[in-house]
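Engineer: Residues or ranges marked as signal peptide in TrEMBL: B:1-20. What TrEMBL lists as transmembrane segment is B:365-388, B:417-435, B:496-516, B:547-567, B:579-607, B:619-636.
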Amino acid sequence: MSKSLFARNPSVLIFLACLALFTLGVTALSEALGTGLISTSFVKTLGKTLCLCLIAIAMDLVWGYTGILSLGHFAFFGLGGYMIGMWLMYERTRDIIVTSMANNDIPPTPQEVTDAIGNQIFGVVGSSDFPVIWAFSHSLTLQLVLVVAVPGLLALVFGWLAFRSRVTGVYLSILTQAMTLALALFLFQNDSGLRGNNGLSGLQNLPGLDAVPQATVSLWFLWASALALGLGYLFAAWVVSGKFGSVLRGIRDDEARVRFLGYSVETYKLFIFTVTAIIAGIAGALYYPQAGIINPAEIAPIASIYLAVWVAIGGRGRLYGAVIGAAFVSLVSTWFTGGQVPSIPLGFYTIDWVDWWLVLLGLSFVLVTLFAPRGIGGLFDYWTNGRPPNRHGQDLGPGAGALQEKEADA
Amino acid sequence: MRVLLAALAAILFLSPTLQAQPTTVQEVLQAHGDAIAKGSRKSIGPAIDAIAASGLPQAQTVLETWQAKDMWQRKSDGLFFSAKEVAKKTYRLTDFDTGQTVGEFDKGDLRQLKPNSGVRALIGVALVQFQLSDPDPARRLDALTAIQRDPEPSHLAPLRASIDGETDPAIKIRKQQLETLLTIRFDSDDASRIAAIETISKDISLDTRATLNTLLATTRKAAPGAVPETENIAAVLKPGTEQLSAGDAYTLLADNGLAPALITDGEQRNILSANISGGKVSGVPVASLNTQAARDRAYAALVAEGKAVPRPTAEDITAALANHSFYDAYFEPSKPVTDAAAKALKSVEIRVAFNQTLDLALDGISLASIFFLAAIGLAITFGVMGVINMAHGEFIMMGAYTGYVVQQFIPNYTVSILVALPLAFAVTFAAGVAMERLVIRHLYNRPLETLLATFGISIALQQIAKNIFGTQARPLTAPEWLDGAWVLNDVVSISFIRIAIFALALIFLGVFLFIMRRTRLGLETRAVTQNPRMAASMGINPDRVNMLTFGLGSGIAGIAGVAIGLFAKVTSELGSDYIVQSFMTVVVGGVGNIWGTLAGAAMIGFLQKGIEWMNPSNTLAAQTYMIIFIIIFIQFRPRGIIALKGRAAGD
């Protein structure tokens, strides 16, 4: 440990500097500070993008570094959102109820207030009682603990079951996808206690802060997201830089060999799976107050696959690649689906990008997988001259599945 | 007919015994003339009954004419006639008794009787006894259906009378069944009711169960002291148990006036708020009323002032509950009848449960066939070749859309399905070969990247389908001979489409086994799967074999798509609905073995139906538990139900 973390990873400092610059720039141009060059809704979009970058880092840790293609991390993201959403919704509804009940001729008892809140929140699913899982929703502290605890515990139990029985590779991917699907289907039920397919809404309003304009609130969330992303990046860089990171990469390249070397592969995998689930939960808890609404459709398996798409396009196995991929693809996606891209008239048919964007994304994803496994991040290698040594076309790794040099160069 | 009626009328006229009875329908009508003219549902009953009970042959005609609003009254003398419009505002009147035309009259001289729907319904009931013996079998059946829908005690006698004269054996059986049900419900003799109940205890039809349940309907009652002897008791209840909570028991008492009503917290609040004067409720400041204890104090003060009734205390409630007995009483007063009915219902329910199990098994088989169909293509590409194809679901969708497009050009559904099946195979075979050549070939040995690349293709294909066909569901109509269902009895039935899918699944199983075991392609596929280099050195072209095998798997997905499209909605999401279950089927069953896929499909199908049966209202929950079960199952058999052993099992 002669050199510090930053000295070994100059990209961390560059990234943090870029992130700080970006945050300052957006702050300076936002509506809250008067210039108004960037609209509040776009500040929110940028804030949400930062959260997506954070979960992309988690995905990169678990997939790019450890080789576990998890198709379930958006489930943890959604759970984090639900946990914070419960508090936001409860407190917000309580404020409204207390205000409206203040006009009653007799002041309400605590029981009446609770009943009215329950009626207000669960009226849409034909119920009025608080389910057990809402037991802590009155307390911000406890719900914040749950933001970390619920995704973490779920990942711990699921990962323990899966890794213990040596489910690997494609099987694990399908299993994680099944877990996501099960969770989404469960939440879609009205009696799941989380308002079925209505989800939780009105999350953009912070309780007790009605006087603060949304422009300011959106800036706060942008700062919080940027801070979380910066810390997440630092943490991820720290995890992958030392000996621990080497073991992770070893598991990715040849799991059996690492196991024979005496490392407890399952423990490493379980640790990284749980930690990334927690990061995903935190990212979700920051994302959904900016989005304003969360419903089970957000957790559908397709979302987790898009996450893999972002990381793959950005370049897996490098942290800044994941960030670039998530930011680039989600912003371009917003741009295309927002109808701002001009259509291409072909004479016999007009390509409307709102309809054809997903086709373009799918196909470009195939092309990236086939021809540019290093993604956008790979472009930096030309710049830093960090090209790998010439192995005269041999396999890069020992296994039959390892990349060959000519593929890695592509 | 008319001659016959006239003859009958003549006999009646000649008969000397009919002195006391009216001899013509007109007399009967006149006897109730005012009620008939008034046409009120409340007072019309005796009139209708008199006509129906007159025993006159014209009674049916009169009632039918009346019901059809063709009975008119002549204003001059108040006589009733059947009228027919012959010219504008001119009506030809016919006498009911003689059947003779009376003459043509201007509308101004007549008054039409317009029975309202309630009166017409009453007439309909009265007509039943005539209809039960109607020469037209269709009308007899209609009458039976009408009785079945709304049975009444009065139906029993005419129904019994009509059984002996019944010539049609099928109708006779129905009449006898209905007679049994009516006997059970309305007969005055307990012995014959019990006998009838015993005869139906082997029958599981809905009518039987409905009759028995009606007979066993109970009402919850409370009485001071012991349970009264006069009631036919179904069960004596104790307050505070699962059947009857203490709160419900007290509410029952209060509703029956046996105890003072419970005042809820909300009602208490309203009473308090009604008694606010000058910011206080009997001396207690309003602002302090924000706890239940404070409100209770204020309320007690109100009671002391005599402005409110006291709330029953916990001791009051306990005492009231102890002093009363609670029980479920049958509406049916006769105990032997209810006992026999309870016994019969038990035996019926056992039979119903048995049949439900059978029905559930049929459902399970049909769901398993669907999963098998959806998964068999995957069993080839994933199971045999080890290539994971996330676009498999989209091949199923392409097959279904191919069927839809074919139906646009060929209107005959039978022909179009026969054309669509091979065409869907061709389309998806081509798509599969193209995908193998362009993408998958470059990614052998990199399964995770194959997964991602094929997912990219899946996203693109799904969106292209959405762009071409729109987001709304497209119909893929089954031929008429597949409509309907095979109905065994009221409990067990299965639609023909599901039987066809089961048959198709069996055919696919056979085709798969044939190709893999008996053809050159199967041999080469197995060789390439086991050891590509050795196969290549034996003169097999692995590229070609892989391409054809992948095409075969995709083609089968296309055919499965046509089959699935016949009963599911054809949308661009059709494939993604099945993809996770398909992978589950293959993984649970065991990769690389068609019997494993079969076992996996059977297990998942039966399990899902079983879980749905336990919680029928919630298919979402069933799927959730299903997936959790699979995750746990994988713990114990990571390689599936039927795992390959030996070298072939190596990664």
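For all residues, glycine too, the Cβ spot is worked out from N, Cα and C.
Note: TrEMBL annotation is automatic and uncurated.
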Engineer: Who are the long-range neighbours of the transmembrane segment (B:579-607) in its own chain, taking Cβ under 8 Å and residues 6 or more past its ends?
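Structural biologist: Hits for the transmembrane segment (B:579-607): 361, 364-372, 374-376, 378-379, 382-384, 386, 390, 392-393, 509, 512-513, 516, 529, 626-627, 629-630, 633-634, 639-644, 648.
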Engineer: Taking the transmembrane segment (B:547-567) as reference, which of B:417-435, B:496-516, B:619-636 has the most Cβ pairs under 8 angstroms?
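Structural biologist: Selected stretch: B:417-435, with the most Cβ pairs under 8 Å.
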Engineer: Which bits of the chain, at least 6 residues beyond where the transmembrane segment (B:619-636) starts or stops, bring a Cβ under 8 A of a Cβ in it?
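Structural biologist: For the transmembrane segment (B:619-636), the far contacts come to 580, 584, 587-588, 604, 607-608, 611-612.
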Engineer: So what's near the transmembrane segment (B:417-435) in sequence-distant terms, Cβ-Cβ under 8 Å and 6+ beyond its ends?
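Structural biologist: Residues 381, 389, 391, 395, 398-400, 402-403, 406-407, 410, 454, 457, 478-479, 547-548, 550-559, 561-562, 566.
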